[in-house]
Amino acid sequence: FKIYLCRHGIRQLRTGWADGPAYITQCPIQPGQSYLYNFTVTGQRGTLLWHAHILWLRATVHGGIVILPKRGVPYPFPAPHKEVVVVLGTTFTLPVQAGKTYMLRLINAALNEELFFKIAGHKLTVVEVDATYVKPFKTDTVLIAPGQTTNVLVAADQSSGKYLVAASPFNDAPIAVDNKTATATVSYAGTLSTAQTTLTIPPPKNATAVANAFTNSLRSLNSKKFPAAVPKTVDHNLFFTVGLGINPCPSCKAGNGSRVVASINNVTFVMPTTALLQAHFFKQKGVFTTDFPANPPHVFNYTGTPPANLATTRGTKVYRLAYNSTVQLVMQDTGIISPENHPIHLHGFNFFAVGRGIGNYNPKSDPKKFNLVDPVERNTIGVPSGGWVAIRFRADNPGVWFMHCHLEIHTTWGLKMAFLVENGKGANQSLLPPPGDLPKC
C-alpha cells in the first residue's frame, strides 16, 4: 500500500509537510520507501490521535497520542490515580481499586459512527475535549464523533463488582446505521470472576436530546492560565452548506446512470495528483484554483424542500486567507437526500464553537446568541442533523489546510475542501521549506 499518516489535531505550526493527508500536504510514501515526519508540538497538551489518511485505511491503522503537560505543570483538576487510553470499538477490561479516581482518554477512531459512551453505575466528569481543557461537568453519557477525543474522570465509588461499559451509535437521521454496541468491563479489585456484571442501557440511537445535553454543556475553561482567545472581530464571514447531491454517472448501472456525491457549497472536491502544499510552495500552475465560494452559489430552503437540480460542480478549489486574518464560518446541513450530522475536522487549527442551532441559520438573529466568552475549543465538530454550527478561528498557521467530514464515506464522496493561508512577515510567520525526503508525486 501507498500510505500517509496524519497526527489528527497536532497544529503543525509552519510544518504542514508533516500533516499527512493524501495529496493535500504530501504525495504517497511508496512501498519500500520512508519519510521522516519532523515537527514540534507547540502550546498543546492532552489526548489526540494518529491515523492513516488515504482511502479507508484508518479503519485499522490508528492509535492514540498523549501529550503530557510540561514537567511540573499540574492538571487544572485533581490528578488521577491512573490514566488509560481507550480507543472506542476495542474490547478491554479496566481493573480499578475502590476509592481511586481514573482518567480515561477516550478516542473515537470509527470510520462512520458517532458514539455514546456510558459506564454502568458511574458518573463521568468531563475535563477535556480535543486536547483542550473544559469547565468540568458530570454526566452519565458522553457523545464523541469520529476524530474527536474526550478525557473523563471516573471515581471508583461503587460497591465491589463488575460494571458494563457501553459504546453505542448515535444517528438521528432517517438512514440505516450499524446499530451495534461495543462493550467492555470495569472490574473492582477483589471481584470474583463469576460475579454478575451490572448492566447499563445505552441511549436509543436517535437520542437527540441526550446528544444535545452533552454538547451544550461544553465550555472552555477560560482561566487566567488557559484563556479562551476567541476572535472578537471577523475578517472573513463564510457560510458553507454541507450535504449530499446526485451527479450523472453513465457507468453506474446500479444507480440508473447517476451516483450520490457530497459537497461543500455545492463543490464536490476532486483530489489532485500533485499535493496542494507542494504546488503552492513551488508555485506550480494547474493543480488547484483559489475560487472556492464564500457562500452557497444557490440559495434555497436548506433544511426544507430540496431544489429540483441536485447536481454539484466538481473542482479542486481552495479558499485563500491572509496570515493572521480572522474567520467566522457557519456550516449548514442540508436536507438533500437526507439531513445528517457531519463531524467536520479542520487541519492546522483549533477553533471556537460559538453557536449552533436547528433549522436554517439566520444571519440577523442567530449571531446575537453567540457565546464569545467561553465557547468550547475543538478541532472536530458535529454539524447537527438539519441544523448549523458556527466556529471562529485565527489563520495564524501558513500552509494549505484540509477541512473535511470525518465520516469516511462522505469524505470519499467529496465533502472536503482546503484553506490556503499565506505567509506573514518574516521567517517566523512563513511556511518552512519542504524536507529533503518529501515523497515525490
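We number each residue from 1, going along the chain as drawn.
Backbone N, Cα and C define each Cβ position, glycine as well.
Positions annotated as domain 'Plastocyanin-like' by TrEMBL: 6-70 (among others). Restricting the average to the domain 'Plastocyanin-like' (6-70) gives a pLDDT of 88.
Marked as domain 'Plastocyanin-like' by TrEMBL: 89-190 (among others).
What TrEMBL records for 291-424 (among others) is domain 'Plastocyanin-like'.
Counting residue by residue with DSSP, the domain 'Plastocyanin-like' (89-190) contains 0 helix, 57 strand, 45 coil. In terms of DSSP helix, strand and coil, the domain 'Plastocyanin-like' (6-70) has 6 helix, 19 strand, 40 coil.
Helix first, then strand, then coil: DSSP counts for the domain 'Plastocyanin-like' (291-424) stand at 10 helix, 56 strand, 68 coil.
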